Amino acid sequence: MNTSIRINCSKSYDDFVEASKFVGFCLYLIPGAILHVLILRILLIKQRKVFRNNSFFRIFATDSVVSLVLIFWGIFFNRLFMFIPPLCPLVSPLFFEPSLFLKMYYWMYNHARMSKSVAQILMVLNRMCCVISPIGYEKIWNKLAVTTVFVVLALPFFGSWNLLLSRMYIFPSYGGFNASYVKYVQWASLSMFQSIFLLIALCFTIICSSVSLYKLIILPDRIKSAEKSLCFVSLFYSIAFLVVAVSQLIFVFCEVCLKNRLYLLFQFFAFDFLTVGSAVIIMLSSPQLSNFLGFSGTFYRRKASPPGSTVVKIFTSVHNNSSII
């Protein structure tokens, strides 16, 4: 489909109000991006020797890169051209004809969304394996180091391949424009694949976190701090993926809801909660990482383990005597 698809930018939106929405998004997206960059700097550069053998942080580093992709496109494309009305008549003509740039943006953005789900599945599996087999799990996961990164980045191709074949176009949205696509393969709906990835990730989060918490509770010497932190982290991810799944299911099953202007804002906030929140939650839950980042306050204070107790590294400790989470 190589025909031109033109749009008329809406003039019914107040420039100041729309720009205020964009600024509002930036107020938390930019700090979130900075936090992800700082975490990656610690994990991959400054303290690489400390964290390189920790399988959980390897997966989280991949997830952080994916989050940065989402934040970058969120700030510099979809929110920018949607909520800054004066840009619409200037920029929109660039995308009336088929555009490789528009295709790569739309593909990367939605591919990254599904990568978040895959990374979450691997992280909760990693935590569960740690609790079930605290001695041997790290050796197994380190053998899968390259595989886990590959899976996070490659598995979403099963949901995004049709975008590479399809025609991208822009349509009026708020005071600017947004992007969508004309399906090349009719049955391969992006919303269907995204819903599948999200619901599977939500199920894995609930099941694996429940198993992990149960195994912690029945330990001979219960580790209260570990139980507390696991509950905290699991609750966050469960709520985050539930909210995102609800926003996606509304898109699939409630056509009337899509006409409501608030729906798109809700979907943005739902994904942003997961994208930005993942960096915040890992910082609050890992005393070691928090200290490397220069933050004195953490979610909990380290407590000495009782003599003879089993130290379980749920996901943030990198040495046998590290702080438990």
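Backbone N, Cα and C define each Cβ position, glycine as well.
Now, the feature entries from Swiss-Prot:
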TRANSMEM  25-45  transmembrane segment
TRANSMEM  65-85  transmembrane segment
TRANSMEM  87-107  transmembrane segment
TRANSMEM  144-164  transmembrane segment
TRANSMEM  187-207  transmembrane segment
TRANSMEM  232-252  transmembrane segment
TRANSMEM  264-284  transmembrane segment
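Counting Cβ pairs under 8 Å to the transmembrane segment (232-252), the top-ranked stretch among 25-45, 65-85, 87-107, 144-164, 187-207 is 187-207. Cβ atoms under 8 Å from those of the transmembrane segment (87-107) belong to residues 1-2, 4-7, 9-10, 73, 77, 80-81, 160, 163-164, 166-170, 175-177, 179-181 of the same chain, restricted to positions at least 6 beyond its ends.
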